[in-house]
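> Sharing a structure, written as structure tokens. Questions coming.
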Amino acid sequence: MPKKINYSELIKETLILTVAVAVIAAAVFFFLVPSHASVSSISGLGIVLSNFIPLQLSAITMILNVVLLIIGFLTCGKEFGIKTVYTSIMLPLFLGLFEILFPDNTSMTGSQELDVLCYILVVSIGLSILFNRNASSGGLDIVAKIMNKYLHMELGKAMSLSGMCVALSAALVYDKKTVVLSILGTYFNGIILDHFIFNHNIKRRVCIITEKEEELRKFILNDLHSGATIYESIGAYNMQKRNEIITIVDKSEYQKLMNYMSHEDPLAFITVYNVSDMRYQPKR
């Protein structure tokens, strides 16, 4: 039986995603564009391409995102959900709105360096909101997932490599200072995202005792595409035997798992530990 749609939750989720994308678009338009820096994003690449293509940045970003979405769906299938599609389309729409409202946009800080710094700080706010809602802004995330699937490259490294390529593209148009700022901006942007949002290389060991053991096991295997270990545990108070499911997940999988448990069994006993490293042989 299909689940009933909760329209209030859907509206709330849409509003949160919209606000997050608006923040990201504002960071791009008011700080990244005046700086001319090409910091790791599709919008950064669009800034460079706008020097060769007689189109507004919003139009170039829309074209790039649509092309990447099509390639993503063809190569990675359902890994790209409706949230990625929504944010990828809304970002250039917001950029277009800002272009109409502020046709003579100039630097708010009067400094190229401060523009890049402000961009990194503001865009991190928007990205953190998206991340907490299990969403992404599309763009280079799609490129990274494709590289991860076909080149067997870790997502973090794939993001860094694609971002650095975008930063280096500034050399096609701008002076050495702008190129250096683009590279440094990409580097520091990665540090902030890793520390405050992604916790780079940090995984979480989640131990769960639940009444819905079989449903949880299937969710971990089929929805998270992750593994799990089941141990028999005994409660010290009543000596009752229960199974404990242990799984190790990354940040995005952890958010999905917690959302699932909050909905399916809010009374489950859950403990969480940070895991700094994990080595295993993936299933073929």
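Glycine residues also receive a Cβ, built from the backbone N, Cα and C atoms like all the rest.
According to TrEMBL, the record shows the following:
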type	residues	note
TRANSMEM	14-33	transmembrane segment
TRANSMEM	53-73	transmembrane segment
TRANSMEM	85-102	transmembrane segment
TRANSMEM	114-134	transmembrane segment
TRANSMEM	155-174	transmembrane segment
TRANSMEM	180-198	transmembrane segment
DOMAIN	227-278	domain 'DUF2179'
> Is it possible to list how many residues within the domain 'DUF2179' (227-278) are helical, extended or coil according to DSSP?
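Tallied per class, the domain 'DUF2179' (227-278) gives 14 helix, 22 strand, 16 coil.
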> Same chain only, please: residues at least 6 beyond the ends of the transmembrane segment (85-102) with a C-beta under 8 Å from a C-beta of the stretch. Say none if there are none.
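Residues 14, 17-18, 20-22, 24-26, 28-30, 43, 56-59, 61-62, 65-66, 68-69, 130, 135-139, 142 contact the transmembrane segment (85-102) from elsewhere in the chain.
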